[in-house]
């Protein structure tokens, strides 16, 4: 952590910010401020260099062409890779998740190199688009309750040997590979297909990032009433919708 303030970096909001993913930055920032943790939010547009001194980096989803442009610029810049090498935390969603991997299929139908930060590879799903509510059990090593979110993607993401599934789906498609996995993570780098925004639906996920950044095992308690009401409502909705389809 920076000596004076936690540095929260929101990457390329002009390219990667679909389905309300910018809400993740708002939630992480708010969860810090509720606990009187000094935090500085830095929004980095695609024509700006990525700072390497951030503590937490957030990347959202985007359409196919903006995804390719973002990947090209992040590769040229190299700042995010250097930040991760220095121990930074990264949380990515959908297109951002694919960019962190080794390869994905771009808008031209060609393989596009990713940043190689996370050991995943994404391919094009030739079947129906993965759309709908997701309910997934977090990897037990992370010690968090089930995640709720919303997916809307055409990709299938394969997890390599150096990464672990972030969660396993009860409802939804997740990585789309038929093995029940959703997202992936390795050390302090995380990826998911869940929008929502996922941090608003699962505030303990935001707290996990804060604890990693601060190197603490616990945070002061805050009022969870609003978050818990939203979370319970979305879990009930996903469960009822799944039951109606079966």
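Placement of Cβ uses the backbone N, Cα and C atoms for every residue, glycine included.
Heads up, TrEMBL stuff is auto-annotated, nobody curated it.
Owing to the predicted nature of the structure, the values given are computational and were not obtained by experimental measurement.
Per TrEMBL, domain 'CobB/CobQ-like glutamine amidotransferase' is recorded for 8-202. Positions annotated as active site, nucleophile by TrEMBL: 94. The annotation substrate binding site is assigned in TrEMBL to 129. Residues or ranges marked as active site in TrEMBL: 195.
Location within the structure of each feature annotated in TrEMBL.
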residue: 94; record: active site, nucleophile; Cβ within 10 Å: 26
residue: 129; record: substrate binding site; Cβ within 10 Å: 13
residue: 195; record: active site; Cβ within 10 Å: 23
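Between the CA atoms of residue 195 (active site) and the residue listed as 'substrate binding site' there is a gap of 15 Å, rounded to the nearest whole number. Annotated pair residue 129 (substrate binding site) and residue 94 (active site, nucleophile), C-alpha to C-alpha distance, rounded: 13 Å.
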